[in-house]
Amino acid sequence: MVHKSSTIQIAFDLFLLKCSESDSNAMDNVSTERLAEESHRQDSANLLIFITLLTLTILTIWLFKHRRFRFLHETGLAMIYGVLVGVILRFGVHVPQNMSDVILGCAVNNSPATLLVNVSGRFYEYTLKGEVGRGKGHQVQDDEMLRKVTFDPEVFFNILLPPIIFHAGYSLKRRHFFRNIGSILAYAFVGTVISCFVIGLIMYGFVSFMKAVGQLGGDFFFTDCLFFGAIVSATDPVTVLAIFNELKVDVDLYALLFGESVLNDAVAIVLSSSIVAYQPAGDNSHSFEAMAMLKSFGVFLGVFSGSFALGVATGFMTFTKLRDFPLLETALFFLMSWSTFLLAEACGFTGVVAVLFCGITQAHYTFNNLSPDSQDRTKQLFELLNFLAENFIFSYMGLTLFSFQSHVFNPLFIFGAFLAVFLGRAANIYPLSFLLNLGRKNKIGSKFQHVMMFAGLRGAMTFALSIRDTATYARQMMFSTTLLIVFFTVWICGGGCAFELLCQNSAVLDGSQRRDTKHESAWPFRIWYNFDHNYLKPLLTHSGPPLTATLPTCCGPLARCLTSPQAYENEGRLFDDDSDSILNDATVSSMYADVTVSTDASGRTVNRSSGTRGLSDDCVDHDLALAEHEVAIRGTRLVLPVDDPVEPPTTVTLPSPPSPPGSEPRRQRL
């Protein structure tokens, strides 16, 4: 009987233990759900902050455009609003302290990315969020709130940067870009390398001086100085280019500045990767070694050429057969474009370079294969994404000035950085301009050089490269200084550029001068233009003359096999979008041919006044010499037979005045 009572007592105790465990699990579940709900509300509030910033920026942009205020660009406005919100979050909002669930006494030898904690036989996983500032153990809640508005750097590289870089290539004014391709490549490649090493050497001198006087709080090597020189050599003159559009500056000045900024972003990111890859043999990983330097140079060439080839190949392969479904066609085009960036990163290349040249290739070839609805949708879609992403990044820059927890502001380093950036830009522009003018027919004048010097702003790419790694003391000081450089160049240089342009004479602001393109176009470009128009365009697109009209007669079967039916339908149009037609409908006509097509009663083409078998040099010169701001749309003239000889001929012109009636009374001209 006693044994039975003890058994019942044990069973009852087990039941109570299970009930208590069930109650504990239920309480844990309720607590977890409450924490998840609070975290969701906090995340929604953080996103609402950025949406509000963008909304305020857009409304202020409208006000500035309405008032014709040019001295502060939209990116500068976004940064100002970001700074204001950052000040409010840092100093005006405090979360009530609750230290009951915070343990301050857990000591480990290092900072692992993941920590497994055994609590009464149950394991919990904790992830590393970053270092709490020294002496701020009592401010964990405030730091957590600021950390919530700090995004993972990969968000910038994988989500925000691709639309900006792709739009730069997709909207590139290719005619003026390729007309100045030699100078642009010199500024982008040679100039960026010169700027990187000039800034790196100057900063190494300042760092050595700081170390000697005891103003350096950590390690800072020569490779770190070169890395800093690489990231701040990336220019982003979005402010100046917007002012250029409003003031109608010279098209060659626009092409030089925009082309340099597009390419040197790609060069800067590959150059920074090459500097990181510098690994000399031996114990000292920061000593100079010739073989390691040559290896880094090989990495630079390999990564850049591989990314370039991948981007161009992806652009060639972006063919769509969904013209009857514009929504699906646009979605496929968008996904193929974005996947280029991710594919390059996954293969060990640089997605920025790949997506840039993918955009240039797709604008030149794939754009012609899209349906009219998809053409409009892709232009508007990427323009919208570029606008939102760029303003989001600049708003985040202002916010990060106060939300980032590991800033290192050193006055000597900041002063040296500003001096080095100025001298590095000067070493890029002036010597190269002098050398380029030795071989250019159309010289780069001193006023052009001053504007290019003043317009070397820093922006999204510099910020993204600096925030990607802030683990060490050197990288934290680079990031803090980079923020100040971006603020200064956007607010001061960008805002003062309009005043500087207005002070220049009409030679800088006159973008409508007609130039002799025959003498200023490089002969490689002229050869490429003929080859592209006669062979690549007909092969890869439905525009241009069919291959049956450009290939030799002996290649007739192959030409007919490779020519699409749409190419025959568009044969009379002869549209070539080497003009600035991608994002500017006002200039789409700069490359239209003036074609006369005669048909018989059955509608078959019997002759044309301008042939399509090849392009003469005079034709190319005429097409390329059209001025930027002149619109000369020439309609295709269709000569049709009529049955009634009594009816007078009717002339319809689009838009030029009608030609005198021809000698054939039985035809009317459209």
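A Cβ is built for glycine as well, from the same backbone N, Cα and C atoms used for every other residue.
Of the listed segments 251-273, 297-319, TrEMBL assigns transmembrane segment to 297-319. Residues 70, 72, 74, 77-78, 81-82, 85, 148-149, 388, 391-392, 395-396, 399 of the same chain lie 6+ residues outside the transmembrane segment (46-64) yet bring a C-beta within less than 8 angstroms of a C-beta in it. Contact check: the transmembrane segment (479-502) against the transmembrane segment (331-364) gives fewer than three Cβ pairs closer than 8 Å, residues 6 or more apart, which falls short of the contact criterion.
With a threshold of 8 Å between CB atoms, the same-chain residues lying at least 6 positions outside the transmembrane segment (76-93) that come near it are 49, 53-54, 56-57, 60-61, 64, 145-146, 149, 239, 391-392, 394-403, 486-487, 490-491, 494-495.
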